[in-house]
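Input: a single structure, listed below in structure tokens.
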């Protein structure tokens, strides 16, 4: 029985007793007409008592209502907490750091990883070295038991078969071999279910680990995903929304440069792993199989100055890589519902933002549109009808204009987005002329890098 009901019964009982008392009092008092004042006083007392008890009952009813509402609210909050907790990946996610002969680079990179790492048990760091460089080994050993160091026969001593026409690309063959050996160590020897892959010339953001651990459940539950990357190829400060540090996207483009994959994906790729150029090999439609990656608006990795000394001899470094902005604000992705990145949700969201909310303009009109302060917060779309058209329009927006297996960098369903002067801009394929990605698309030499 509720408290209000009990109080009401007691009140009725008291009221009946009081009424009997008053009636008896009235009977006695009517014998004496001189006691009229006493009768009126009794009636007034009864009226005041009724008002007082009514207020008490109303107050108690309000308290009961609040208690019920609070219980319901706590129940909803608990359900949300349980739901979100189920999305937090419980298994360890090792960070596999690839190194060769840059001692200071690996020192700086590992220092950053340790500084931002919330737990050594959750995020063990494994540094794998390919070259016989004692300085690198010594720098890694200084970290003691904070990291694991692994070493195998160096690539220059492994008698790798390299086609005569590819002698100048020898480093890429050694790197592919290194990746296979190190990833087998993580997934076969150690038995981990996922890995974050980094290179010794990368800078990282304060929320690097939050980003990867909170997106891991997406990799597990979405068969259309095969990686989470920390890198935005168009992540120069003038091309991104600096207020959108928590914004993430799906992308058909495999970027690398700080990325995560599952053991399931590795067990698929390992038997057919290439002898060279592993990243372009992964971008091939035969391997990608229309799968996608998660990428951020603001990169969670950046390129340190050591990058210009890498295997690519600084290709793209000064013009693009060195200019990528690394996020400097901590975002707790564990408190954000990332289900909007699931395939159907993201497709619906993108269609709304691109085809319904954005205004269609020519690339020439976009230039004047972004200069007007009145247009801040608006979005526009620019259509393209082929690779040359895309290259020209990308150049006007100062974003990367190249393709890998026909996929523009950062593209999702052919759509490439950037953010300039407060305006969201979408480069969108004209589906009457561009039906799908074309692996034959390339950049003519006349357009440069």
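Note: Cβ is positioned from N, Cα and C throughout, glycine not excepted.
Lifted from Swiss-Prot, the feature list:
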- 279: active site, proton acceptor (ACT_SITE)
- 102, 130, 178, 200, 312: substrate binding site (BINDING)
- 201: Mn(2+) binding site (BINDING)
- 100-131: disulfide bond (DISULFID)
- 227-293: disulfide bond (DISULFID)
- 28: N-linked glycosylation site (CARBOHYD)
- 159: N-linked glycosylation site (CARBOHYD)
- 1-6: topological domain 'Cytoplasmic' (TOPO_DOM)
- 24-449: topological domain 'Lumenal' (TOPO_DOM)
Spatial neighbours, same chain, of residue 178 (substrate binding site) - Cβ under 8 Å, 6+ residues apart: 98, 128, 130, 152, 155
Recorded positions: 130, 200, 279 - member with fewest neighbouring CB atoms within 10 Å: 279
Per DSSP, three-state class assigned to residue 201 (Mn(2+) binding site): coil
Least Cβ-crowded entry, counting other Cβ within 10 Å, from the recorded positions listed as 131, 201, 227: 131
100, 131, 227, 279 screened against residue 200 (substrate binding site), Cα within 10 Å - retained recorded positions: 100
100, 227, 293 screened against residue 159 (N-linked glycosylation site), Cα within 10 Å - retained disulfide-bonded residues: none
Residue 201 (Mn(2+) binding site) versus recorded positions 102, 227, 293 - nearest by Cα: 102
Per-region confidence, the topological domain 'Cytoplasmic' (1-6) (mean pLDDT, whole number): 57
Local Cβ density at residue 102 (substrate binding site) - other Cβ atoms counted within 10 Å: 23
